[in-house]
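Per TrEMBL, the features are:
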| type | residues | note |
| --- | --- | --- |
| ACT_SITE | Glu94 | active site |
| BINDING | His93, His97, His103 | Zn(2+) binding site |
| DOMAIN | 1-193 | domain 'Peptidase M12A' |
Amino acid sequence: MTSPKVRWPSKTLIYKFDEGNTHTADERKYYLIAMEIIANATCIKFKERTTEVGYVNLINSNPKGCYSVAGYQGTKQDLNIGWCLKRTYSVVHEFMHALGFHHEQTRYDRDLYLDVQWNNIKESVQHNYLKYPRTYAFPKWSYDLESVLQYPIEDTPPSMILRSLEDESKDIGQRQRLRPSDILRMRAAYSCDSAGSETRSMGLTEEQLRVAQYIAY
């Protein structure tokens, strides 16, 4: 799970549409839908900034980039949505970064599932493939190739190759839905299954909710 140091206080992400960028009402809709998807699946709340010092500054200044700082920084932090604006779950992906979550392919056990093709990856983006140690910021459940935080592998030339033929049928790096693993890791990191928390299951089974409570500790 994400480090406690970068979790948002009171389980509430503060955001603001940057005044220097031109966000149309239609463009703002995609940000708001992404926030609603996360809020409906967890106890995490989203609040538009008033006077808060730490907040996510929503910008569209770089049309070629979709990126966010990972976790709460205690000051203004940019979240840029460029080419992926109208891809709802790509926006969800970036908000999960803002909440403190890292790419699935940076897990310590990544090499059991994927073989990174370093020669095919630009040096400027290689940091997105660097593994974190086992003790850092990862849940206790299995690697999920279909997590919304997993990069796709259909690049030409490929940035990653599957190690097992059994995984070829999976929708690797999909951006159509939150996976149960995505929901569970957010609920665990933000203690959504503790007493008094308000959550909605978003289709999770009782067994999945039971597992979420177990892995939260």
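Including glycine, each Cβ sits where the backbone N, Cα and C put it.
Keep in mind that this is a model prediction, so the values were computed, not measured.
Of all Cβ atoms in the shown protein chains, 21 besides its own fall within 10 Å of the Cβ of Glu94 (active site).
Shown in sequence order, Ser68, Glu94, Met96, Phe101, His102, Val148, Leu149 are the same-chain residues outside His93, His97, His103 whose Cβ sits within 8 Å of the Cβ centre of the Zn(2+) site.
Straight-line distance linking the Cα atoms of His103 (Zn(2+) binding site) and Glu94 (active site), rounded to a whole number, equals 10 Å. In the predicted model, residues of the domain 'Peptidase M12A' (1-193) average a pLDDT of 90. Proximity of His93 (Zn(2+) binding site) to non-local residues of its own chain (separation of 6 or more, Cβ distance below 8 Å) is seen for Cys66, Val148, Leu149, Arg175, given in sequence order. Each of the binding-site residues His97, His103 was scored by other CB atoms within 10 A of its CB, and the lowest score goes to His97.
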